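S.K.: Have a look at this one.
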Amino acid sequence: MFSRDLTLARYDAELFAAMKQEAQRQEDHIELIASENYTSPAVMEAQGSVLTNKYAEGYPGKRYYGGCEYVDIVEQLAIDRAKQLFGADYANVQPHAGSQANAAVYQALVKPGDTVLGMSLAHGGHLTHGASVNFSGKMYNAVQYGIDANGFIDYDEVERLALEHKPKMIVAGYSAYSQVLDFARFREIADKVGAYLFVDMAHFAGLVAAGVYPNPVPFADVVTTTTHKTLRGPRGGLILAKANEEIEKKLNSAVFPGGQGGPLEHVIAAKAVCFKEALQPDFKEYQQQVVKNAKAMAQVFIERGFDVVSGGTENHLFLVSLIKQEITGKDADAALGRAFITVNKNSVPNDPRSPFVTSGLRIGTPAVTTRGFKETECRELAGWICDILVDLNNEAVVDGVREKVQAICARFPVYGK
């Protein structure tokens, strides 16, 4: 029998110490990685619950194991809330992550060797959109589109590639693109060549849920997302679709038994909490502020003489090119890290450097907005970053910014008392 008095701190002090250090790092550092956010205590409570003990292969009402009557309730709540949140007729909440959700879509809709048209990783796409190092680029004939000289998707080029290569599926979505996607145009192009339209909204799902970014569900055959990032839930995946019995069956089979075994019901419970949070009125205010903060930060970089890819942002992130400054993304990332500002180096269009070095930074505002930052704080923060970037090897500047970061983090804690 387990004793509830035997806490992690008492049982495994070494592990607990590392976890405490990470908790302190999150409080003391400013998080600007666009794919990161902070979850609520309620989400973490669900994820750390006894639901982790239950195996539940199958779907609600159709399980292979007994004793699933209560996890059925949990999973159905998550399904119903996801459908309500995004206006979908179908939802599968079982994918362990976004990449697994995407893999299920490939397995359901296309066959190995089929042509798939997706956004190039070098231009802002994702590994699972046809990158040569990923299953999507190894198992399928991946054709890639990108952005034009101004940093925008060239839809005429997408159409030209589609007409030339006749893909079975077109992928819309990104990991580093700061503008709004034209889902109607993607749908039009897909229809011209008889392709499925698959939208990966992992980065902007929270914005969609709040109505501050167009909803791809009415346009796409299938939509996937992660449940963290802008959605602010646990790390996991989600598949959505309009009513289509054939596609729904294929998707369910591709997730289980095609790609996964038992679902993580404790994570699914946390997803249900996240969806409930996203249905509240204050979630829309939060997402509106995320975009305002990103716009405010991008404008400071422009005013300070930095090149922002596509000239600004219409979502939660933007890319700063450092080619003109002759700075590498790797060095900029490291210097900002010493100031307790966490960003990620990122390739920019026509980047002369390798993906391990890069010539840019990707900056996102979901996490700082969760802390309570508004435009004033974000403009100030962007100024501090610029101060470091224009004098990268000046440790006195880094030290001064770090003191300011610690002070503002104390004013805006992640988790209050």
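Backbone N, Cα and C define each Cβ position, glycine as well.
From Swiss-Prot, for reference:
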type    : residues                                 : note
BINDING : L121, G125, H126, L127, S354, P355, F356 : (6S)-5,6,7,8-tetrahydrofolate binding site
SITE    : H228                                     : site 'Plays an important role in substrate specificity'
MOD_RES : K229                                     : N6-(pyridoxal phosphate)lysine
S.K.: Using a 10 Å radius around each Cβ and all protein chains in view, which of these binding-site residues has the most neighbours: G125, P355?
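M.R.: It comes out as G125.
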S.K.: In whole Å, how far does the CA atom of P355 ((6S)-5,6,7,8-tetrahydrofolate binding site) lie from that of H228 (site 'Plays an important role in substrate specificity')?
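M.R.: P355 ((6S)-5,6,7,8-tetrahydrofolate binding site) and H228 (site 'Plays an important role in substrate specificity') have their Cα atoms 24 Å apart.
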S.K.: For K229 (N6-(pyridoxal phosphate)lysine), name the DSSP secondary structure in the helix/strand/coil scheme.
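M.R.: Note: K229 (N6-(pyridoxal phosphate)lysine) is helical by DSSP.
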S.K.: Could you tell me the maximum Cα-Cα distance in Å between the residues recorded as binding (6S)-5,6,7,8-tetrahydrofolate, namely L121, G125, H126, L127, S354, P355, F356, rounded to a whole number?
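M.R.: Result: 17 Å between the two most distant Cα atoms.
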S.K.: So if I measure Cβ to Cβ from H228 (site 'Plays an important role in substrate specificity') and keep only same-chain residues at least 6 apart in sequence, which ones fall under 8 Å?
M.R.: S35, E36, N37, T39, P234, R235, G236
S.K.: Given the binding-site residues L121, L127, which one has the fewest other C-beta atoms within 10 angstroms of its C-beta?
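M.R.: Relative to the other binding-site residues in L121, L127, L127 has the fewest Cβ atoms within 10 Å.
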S.K.: Rounded to the nearest angstrom, how far is the Cα of K229 (N6-(pyridoxal phosphate)lysine) from the Cα of S354 ((6S)-5,6,7,8-tetrahydrofolate binding site)?
M.R.: 26
S.K.: Where F356 ((6S)-5,6,7,8-tetrahydrofolate binding site) and K229 (N6-(pyridoxal phosphate)lysine) are concerned, what is their Cα separation in Å, rounded?
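M.R.: With distance taken Cα to Cα, K229 (N6-(pyridoxal phosphate)lysine) is 23 Å from F356 ((6S)-5,6,7,8-tetrahydrofolate binding site).
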S.K.: Ranked by the number of other Cβ atoms within 10 Å of their own Cβ, which of the recorded positions H126, K229 ranks first?
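M.R.: Comparing the recorded positions H126, K229, the most crowded Cβ belongs to K229.
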S.K.: Specify the count of other C-beta atoms within 10 Å of the C-beta of F356 ((6S)-5,6,7,8-tetrahydrofolate binding site).
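M.R.: Excluding its own Cβ, the number within 10 Å is 10.
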S.K.: For H126 ((6S)-5,6,7,8-tetrahydrofolate binding site) and K229 (N6-(pyridoxal phosphate)lysine), what Cα-Cα distance in Å is obtained after rounding to a whole number?
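M.R.: About 15 Å separate the Cα atoms of these two residues.
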S.K.: Hey, how far is G125 ((6S)-5,6,7,8-tetrahydrofolate binding site) from K229 (N6-(pyridoxal phosphate)lysine), Cα to Cα, in Å?
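M.R.: That comes out at 16 Å between the alpha carbons.
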S.K.: Between the Cα atoms of L127 ((6S)-5,6,7,8-tetrahydrofolate binding site) and the residue listed as 'N6-(pyridoxal phosphate)lysine', find the distance and write it as a whole number of Å.
M.R.: 17
S.K.: Just counting, how many other CB atoms are there within 10 A of the CB of S354 ((6S)-5,6,7,8-tetrahydrofolate binding site)?
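M.R.: S354 ((6S)-5,6,7,8-tetrahydrofolate binding site): 11 neighbouring Cβ atoms within 10 Å.
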